Amino acid sequence: MAFNGTVPSFCMDFTVYKVTISVILIILILVTVAGNVVVCLAVGLNRRLRSLTNCFIVSLAVTDLLLGLLVLPFSAIYQLSCKWSFSKVFCNIYTSLDVMLCTASILNLFMISLDRYCAVTDPLRYPVLITPARVAISLVFIWVISITLSFLSIHLGWNSRNETSKDNDTIVKCKVQVNEVYGLVDGLVTFYLPLLIMCITYFRIFKIAREQARRINHIGSWKAATIREHKATVTLAAVMGAFIICWFPYFTVFVYRGLKGDDAVNEVFEDVVLWLGYANSALNPILYAALNRDFRTAYHQLFCCRLASHNSHETSLRLNNSQLNRSQCQEPRWQEDKPLNLQVWSGTEVTAPQGATNR
């Protein structure tokens, strides 16, 4: 961690700036949390979306959701106060979670690209290649690697420079410290190499998909199935494209920090590229809805069911109140005493003593 340093001058004043940034960050956090919750609900409640491919999408959504719950609120507090308001131990946990969730996002997207490659290039053998057991092993692999690369390296100090931190528990800065080796290894292994493989994979997917579309143009049933696969591929490629746009600047700065040191990077620019990367977690649910019809349908059904249930509840309440008012208006002020019939749980009927009335 970077524990030393002073508060930047731009953080001292500018109330309007802080209010504007606060609104933007709050909206980003809310969209991230709500959007990824909806993705998980949509897959869980819609049978059409319960596929092996969507297991990786749910894993990605869970990753983004955890980022929105465990990292972004503290990042926003740190961004607005321009100092770390918590302990040094919690700083280590916070930065480890940040690195872990970022790595998990990359590996989920990497697995998604491999899944799409198998589905498009060899659809007949896809059920044999992509089995529930292999998907489960892949998900375990993703999270084990992510935890190892984050918590292990940071808590063992593999990323630290030859700087001694203060012994007290109060710190000003809290961000991942980067040395030359850690910057290059982490940047290459967790971002640039997976990114290169994903780009090659998607290029081959689109090339083969175009050839297949021409070859099966006159076969109706295969055409419908292939079009569905191609639409899913386009959607997931758009998700990966958004990931590149959002995270490529950050990892470039990350590697540059490792080579040149923290003083070589402007802090404002570093904050901008960091939050640009965080914004990717809010974009994925929007991309699903915009580019995938199955997810659009699931979202529509989810919100319509909630709205219909709410309207039905309100209508029922109004109807019951109306009937109650009508019965009260028609009821005489006094009634003859008559036997009161009481239904008990066993289904038998009990007659109340004479003098009990229906009230």
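Every residue gets a Cβ built from N, Cα and C, even glycine.
According to Swiss-Prot, the N-linked glycosylation site annotation covers ASN4.
The S-palmitoyl cysteine annotation in Swiss-Prot covers CYS305.
Swiss-Prot lists ASP98 with the feature site 'Essential for histamine binding'. Taking the Cβ of ASP98 (site 'Essential for histamine binding') as centre and 10 Å as the limit, one finds 23 other Cβ atoms among all the protein chains shown. In the three-state DSSP assignment, the secondary structure recorded for ASP98 (site 'Essential for histamine binding') is helix.
ASP186 (site 'Essential for tiotidine binding and implicated in histamine binding'): 25 other CB atoms within 10 A of its CB, across all protein chains. Taken from Swiss-Prot, the feature site 'Essential for tiotidine binding and implicated in histamine binding' applies to ASP186.
Taking a C-beta cut-off of under 8 Å and a sequence gap of six or more, THR190 (site 'Implicated in histamine binding') has these contacts in its own chain: CYS102, THR103, ILE106, LEU149. Summarising the annotation, Swiss-Prot assigns site 'Implicated in histamine binding' to THR190 and lists similarity to another entry as the type of evidence.
Marked as topological domain 'Cytoplasmic' by Swiss-Prot: 45-57 (among others). Sequence-distant contacts of the topological domain 'Cytoplasmic' (45-57) (same chain, at least 6 residues past either end, Cβ-Cβ under 8 Å): 39, 108, 111-112, 115-116, 119, 130-132, 135, 138-139, 232, 288, 294-295, 297-298, 301-302.
As annotated by Swiss-Prot, topological domain 'Cytoplasmic' applies to 115-134 (among others), with the evidence given as sequence analysis.
Residues or ranges marked as topological domain 'Cytoplasmic' by Swiss-Prot on the basis of sequence analysis: 205-234 (among others).
Taken from Swiss-Prot, the feature topological domain 'Cytoplasmic' covers 290-359 (among others).
Per Swiss-Prot, transmembrane segment is recorded for 23-44 (among others).
For the transmembrane segment (58-81), the list of distant contacts is 11, 18, 21-22, 25-26, 28-29, 32-33, 35-37, 39-40, 43, 94, 97-98, 101-102, 104-105, 108-109, 112, 139, 142, 174, 271, 274-275, 278, 280-282, 284-285: same-chain residues at least six beyond its ends, Cβ to Cβ under 8 Å. Positions annotated as transmembrane segment by Swiss-Prot: 58-81 (among others).
Note on the transmembrane segment (93-114): residues 1, 53, 56-57, 59-60, 63-64, 66-67, 70-71, 74-75, 86, 138, 141-143, 145-147, 149-151, 153-155, 174-176, 186, 190-191, 194-195, 197-198, 201-202, 205, 236, 239-240, 243, 247, 277, 280-281 of its chain, located 6 or more positions outside it, place their CB under 8 angstroms from a CB of the stretch. Taken from Swiss-Prot, the feature transmembrane segment applies to 93-114 (among others), supported by sequence analysis.
Remote same-chain partners of the transmembrane segment (135-159), defined as residues 6 or more beyond its termini with a Cβ less than 8 Å from a stretch Cβ, comprise 1, 52, 55-56, 59, 92, 95-101, 103-104, 107-108, 111, 176-179, 181-182, 186, 189-190. Here Swiss-Prot flags 135-159 (among others) as transmembrane segment, drawing on sequence analysis.
Residues 99, 102-103, 106-107, 109-110, 113-114, 116-117, 121, 149, 153, 158-159, 233, 237, 240, 244, 247-248, 251, 254-259 of the same chain lie 6 or more positions beyond the ends of the transmembrane segment (181-204) yet place their CB under 8 Å from a CB of it. The feature transmembrane segment is assigned by Swiss-Prot to 181-204 (among others).
Swiss-Prot lists 235-258 (among others) with the feature transmembrane segment, giving sequence analysis as the kind of evidence.
The transmembrane segment feature in Swiss-Prot is assigned to 268-289 (among others).
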* Rounded to a whole number, how many Å is the Cα of ASP98 (site 'Essential for histamine binding') away from the Cα of ASP186 (site 'Essential for tiotidine binding and implicated in histamine binding')? -> 14
* Asked: Residues sitting near the transmembrane segment (23-44): Cβ under 8 Å, six or more positions beyond its termini, same chain?
  -> 50, 54, 57-58, 61-62, 64-65, 67-69, 72-73, 76, 79-80, 275, 278-279, 281-282, 284-286, 288, 295, 298-299, 302
* Asked: Reduced to three states, what secondary structure does DSSP give ASP186 (site 'Essential for tiotidine binding and implicated in histamine binding')?
  -> helix
